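Structure first, commentary second.
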Amino acid sequence: DFSKAMSQAGTSQFQEVIRQELEYSMKVELDKILATASSNELEHAKKDLEGFKKLFHRFLQEKGPSVDWGKIQRPPEDSIQPYEKIKARGLPDNIASVLNKLVVVKLNGGLGTSMGCKGPKSLIGVRNENTFLDLTVQQIEHLNKSYNTDVPLVLMNSFNTDDDTKKILQKYSHSRVKIYTFNQSRYPRINKETLLPIAKDVSYSGENTECWYPPGHGDIYASFYNSGLLDNLIGEGKEYIFVSNIDNLGATVDLYILNHLMNPPNGKRCEFVMEVTNKTRADVKGGTLTQYENKLRLVEIAQVPKAHVDEFKSVSKFKIFNTNNLWIALSAIKRLQEKNAIDMEIIVNPKTLDGGLNVIQLETAVGAAIKSFENSLGINVPRSRFLPVKTTSDLLLVMSNLYSLNAGSLTMSEKREFPTVPLVKLGSSFTKVQDYLRRFESIPDMLELDHLTVSGDVTFGKNVSLKGTVIIIANHGDRIDIPAGALLENKIVSGNLRILDH
């Protein structure tokens, strides 16, 4: 036992030496990068690289991402409230004064590359020529006009989206919404083998674009604080932010939740509210809220020990998942940021660059900070508040007659008999937005659709109706053109456009 203990001590000493060497080598490389900054870049680059150094230090210290599965418990009953209960309290007469304490923050760091688009994802057209950003501005403008309030919009951009977004913002100069932006940090990607940065200087244009990345939306706390905008908004009397992904079209300002935050029934305000919703089979990978060491904690699939992944995905044991619609007290962000007390697990995101080089990105997620805040709460909201558009399959749903558009908000058509959305799977010929648009002369009637699968070279004429389960498969070399005005109800169409009963 003695020799075993000695060898263990030796191993941990050896690991400590390696850790220190890696940290020293990283510091040397980062100093070299910083030395290439011009005087007007220096302050910004310094802040970014300091933040990165802290994250890298934690990455070397931590023994992998997994949580201690034995400590995970179901959250106590009252820690996740049903939305109906919060709505039942109604609204106070002075809802305008409550709204004036709110700031809407949209996470706008992502590019549209997964949908074959260049530039910020928020500038993709989603409905009647309106982009994600247009719809967001319309929603807030409608609020401000209806209640005579001043709810501002804040966009967290990344270095990938900042220039294009700022150019577009000029078009809203006459709208009744104050719009502010700040940038999330810019961190260097790390070579997977050497654990050193692949960037040689601070520039991030041209061939250097691949050397840098925005470190996930968990970066919001530090970059919001560092930008000075957090203090300005507190100075203007703002108290809460409502944060959501810009591509979640269901994430509109909810007055009942806001009232619950500002006028809590027990007199004790929540610093952090996470909207969760019930899992379906499509959401098994979504992060879930658990009780862990007497705190509400978000557990992501990446943190789950391999032996328990199936259990984590079980819809019966973990019934809810995080929509990433979050309500957070500004004063709490300021307090925790100043104490350096916001604790988020590190997500190690491996990537292979175009030239074949394997790199890793160290990231954090905004919801993971829930355990650092006091008096956190989950609210189980209707599925309609989670309507993300990640693919052209999602785009087809929001462009269709399943939804109507009013003042920037999408609502499910009353003509649809059941509140769930059809399951749509469009094949690889539809992945890019421009290919997708080319294949639909008009968006089909989908009010009575349950399931649609399309694969291969398929096009749709005008005024097609889809009902029940429809499967359309064009094999390699075949092409299927669904004629204008066709009604497909419970049909499988394959090969040479023979329509068979399903």
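Using N, Cα and C of the backbone, Cβ positions are placed for all residues, glycine too.
Taken from TrEMBL as is:
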- LYS121, GLN184, GLY216, ASP247, LYS390: UTP binding site (BINDING)
- HIS217: substrate binding site (BINDING)
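There are 27 other Cβ atoms within 10 Å of the Cβ belonging to GLN184 (UTP binding site). LYS390 (UTP binding site) has a Cβ environment of 14 other Cβ atoms inside 10 Å. In this view, LYS121 (UTP binding site) is surrounded by 24 other Cβ atoms within 10 Å of its Cβ, with every protein chain counted. Long-range C-beta contacts of ASP247 (UTP binding site), restricted to its own chain and to partners at least six residues apart, with a cutoff below 8 Å, comprise GLY110, LYS121, SER122, PHE132, PRO388, VAL389, LYS390. The Cβ of GLY216 (UTP binding site) has ILE347, ASN349, GLU363, THR364, ALA365, VAL366 as same-chain neighbours under 8 Å, each 6 or more residues away in sequence. Spacing of GLN184 (UTP binding site) relative to the residue listed as 'substrate binding site' is 8 Å (Cα to Cα, whole number). Around the Cβ of HIS217 (substrate binding site), the same chain contributes LEU107, GLY109, MET156, GLN184, ASN245, ASN324, THR364, ALA365, VAL366, each under 8 angstroms and 6 or more positions distant in sequence.
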